[in-house]
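Here the structure is laid out as structure tokens; the discussion comes afterwards.
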Amino acid sequence: MLSSPSPPTLCTLLPSPPPSFSGHPRHPRRTSLSRPRSSNPNAPSFAKPNPDPPPPPPRRLHAEDRRLSSLVHRGDLDAALRVVESSPCPPDVLLANKLVRDLCRRGRLNDAARVVEACGSAATAVTYSALADGYCRVGRLDEARRVVDGMPVRPSAYAYNPLIHALCVRGQVTDALVVLDGMLSRGCPPDVVTYNILLEATCKGSGYRQAMELIDLMRAEGCTPTNVTYNVIMDGMCREGDVDGARELLKNLPSHGCTPNTVNYNTILKGLRTAGRWADVEELIDEMFRENCPPSEATLSVVITSLCQQQGLLQQAIRLLDKMSKHECTANIATYNAVISALCEQGHVANALELLVKMESHGCKPKTTTYNILVKALCSGDCWEDVEELMPKTSQTDQPQDISPFNTLIGILCQKGLTLKAMEVFKQMPKKGCYPDSVTYNTLIDGLAKTGNMEQSLELLNEMGNKGFNSEVKYELLAEFLDEEDKVEEAIQVVHKLQDTGISPHAVLYNTILLGLCRNGKTDHAIDIFADMVSDGCMPDESTYVILIDGLAHEGYMKEARELLSKLSARDVVVENLTNNDASLFDQNIHTS
């Protein structure tokens, strides 16, 4: 499949003469290529090719080179450039090569070209390659080609490869093949990197069958394909849907002098996964283990996770997980989480708990995400005893204490209306070294209010405010419950109860009561509560005043509302944007009253 009785010429690979290199002749080979004009009229000229260049001088160790070395390694490129240009002798070529690369990385291509010119006959193929690579990186491909074609040293694939790669990246595969033709004409043998670049581009542009002809040419030119070369072809086959052809090529790699490696197998695995051929995936993984070329943990994780997402393939995922253990390949936490989640989704929670124990015995410690998956599943199945047994383990992870398993449990309990159980979990949290956050409070406050336990809900709201959590959204929701259930008096009793126990009611609790009264048309009562609030030493906040102003305006007390707003604005108690908002509110109330 990969051999040919006679090597094809490059002409057979070109669909039509390329417009940018239309004057380029074909074989027989020439000693040089005609040099295309540079798009840059100010580009420096290089020394003409010398058929018998003198050997490069030995590295100089005098003070000037030491100074240049110091400047280059310090990154002081301007000073290094001045040293090169002021010296009557060419710079040390290794230092010059580094300077050229550094200048190119900073986009200073003209300066880099001056350094190459200063090197004169001491410049090597590496020097010219560095400059050509710099031109390629910024898209100045004509100048890059002028550099590599005009090198006054023996041309090498190392110098041509950046140009060929740049052309291929831009989709100019035809032009890249012309450059390859020029290399062969100059007696410059392409290396395996050259062919691999062209093969990959040809596979993507013209298909793997066209790329196979390049492999025949590669062999004819004395360049032996490697695993990387064949992997490019196999990847192209898989992308075009010929996974069986890719598997056949993988099988025949030893006959081509290559031993299949993990990368080659992974390419086929990817093709099989894309095609949805999961039985073949498992078969190939078994082969990898047999051939002492085991898949990596990352590869197996991808395969197992994908299997978990497919309908009816969970058992295959579990089999692969077991095979990992047998071959001393430890699955990562993401892999175990995927299988545990799939088991829970399919109702196999008991099996998921068994897998939790097994993963710990195999050296993989569960994380918070693992416990969250299990807590949700156990709660959904009303397995409360299992939940109680599991919760202490959540604090035994290597991670900092995470309260998300507790929040998950409290949230599910509240959804089911089991607020008493939720409060028990809430009270146990500090004993487990875990302290409630705003999510915990909001979940419980909402759950208690919905089940009619307004007293406990308001007490938690007050506690939440005293602990510094943002509770403004929650007090507005509670005010609606007070209005709907007509439980304002119950809320006032909560204030008195807190005071009797030595707990200072927070502004957020008063705001909830004030908002409930004002929405119920009892602004006069709200003002009395406001007076109690101040006398009890609870400082009103901006929201308190906005609630009262809104209540006064809504009941038609426009004069009083405006006076209060004016005084508060003068004292900078209410910010300007709220003043403007309430001014528009007054206008609305005037028109609706």
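Each residue, glycine too, has its Cβ placed from N, Cα and C.
Bear in mind that the values here come from a model prediction, so they are computed numbers and not experimental data.
The compositional bias 'Low complexity' annotation in TrEMBL covers 33-45. Annotation source TrEMBL lists region 'Disordered' at 1-62. Here TrEMBL flags 124-154, 156-190, 191-225, 226-260, 261-295, 296-331, 332-366, 402-436, 437-471, 506-540, 541-575 as repeat 'PPR'.
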Looking only at the repeat 'PPR' (156-190), mean pLDDT returns 91
At a C-beta cut-off of under 8 Å, are there same-chain residues at least 6 beyond the repeat 'PPR' (437-471) that contact it? List them, or none. 403, 406-407, 410-411, 413-415, 417, 419, 422-423, 426, 429, 477-478, 481-482, 485, 487, 490-491, 493-494, 497-498, 503-509, 512
What counts of helix, strand and coil residues does DSSP assign across the repeat 'PPR' (124-154)? 22 helix, 0 strand, 9 coil
Chain residues outside the repeat 'PPR' (506-540) and at least six past its termini with a C-beta under 8 angstroms from it: 458, 461-462, 464-466, 471-472, 475-476, 478-480, 482-483, 486, 488, 491-492, 494-495, 498-499, 547-548, 550-552, 554-555, 557
